[in-house]
């Protein structure tokens, strides 16, 4: 997926930063960090390129070299972000760079106080790219370091320390700012987790049959297509078993729909217990069930279908203390690749099931 997938949920500015920072669609938490990181990198590129020209004409060639180095590092960081979906290492690098910058401006602020204000940008940047826990640790560590840098005597640093009033006001403002950003970050994280849980829940519900809990038609259709692609790569076949509960309409008419629903749920549970975890039993529609057996040939699939048939036949089905005889007929087909398609494979299984019904029901029939 491309950056176009962000169009429905993000502003133009955010979409632009995301497209610059990554050619692919990112997870919500990674997107949030990526936006902040790209913004910091772009600002760094702009500042270093602008100041390198200014310092070049001012004759400060050593500063030009530092600006040029920062420009190259920022470009590398942007290139790294575009090539990696997980940018943890570059986020740490950006955090370290901002940390060093704010420490330097705190020292310079002993001579020119206006430089000192850069320190207040550190908590928002660190929290946005490092997350709540690492952001809090780094912000508190800088707070302690900045107090030391602000109060060191002139015998250690060649400039007078900050006044007590400035240190006190800075401490209050910095702590309040840090806690405010931390609250925002944790709240944002809680919202992201909640949205992700709800998304997963709805996605799971959209792929499950609400009555039996098995995969629904949509889910198994996707799985069969994935298995077809795997078969094309590996050459190993897979099998489809289409089953139908015998005389289900008569059972419904005699005992009611509640009884029919109970039978469907019990049959689904029996099927699920008779197949492997990698296989996919599903409710295909009504009283029909379709089972996808991964990497199974005809003999293996026939054994599984026979085991399920016998298990259902030998199970005592009761509803409101009334016993019922429940059996199933199965049609089986194997997908071998080549010109075969999933639709053809299902039709062969359906025809085998039809033949089984006409042969007397309660049996397994293998497609030709």
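Cβ coordinates come from backbone N, Cα and C, glycine included.
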Between the ranges 35-54, 195-214, TrEMBL assigns transmembrane segment to 35-54
Which is it, of 90-109, 230-249, that TrEMBL names as transmembrane segment?
90-109
Using TrEMBL as the reference, determine which range in 13-29, 115-131 is annotated transmembrane segment.
115-131
When you check the transmembrane segment (35-54) against the transmembrane segment (162-184), do you get at least 3 Cβ pairs under 8 Å, counting only pairs 6 or more apart in sequence?
no
What DSSP reports for the domain 'GGDEF' (236-368) is 59 helix, 37 strand, 37 coil
Which bits of the chain, at least 6 residues beyond where the transmembrane segment (90-109) starts or stops, bring a Cβ under 8 A of a Cβ in it?
33, 37, 40-41, 44, 73, 77, 80-81, 84, 115-119, 121-122, 125-126, 129-130, 134, 138, 142, 145-146, 149-150, 157, 159, 162
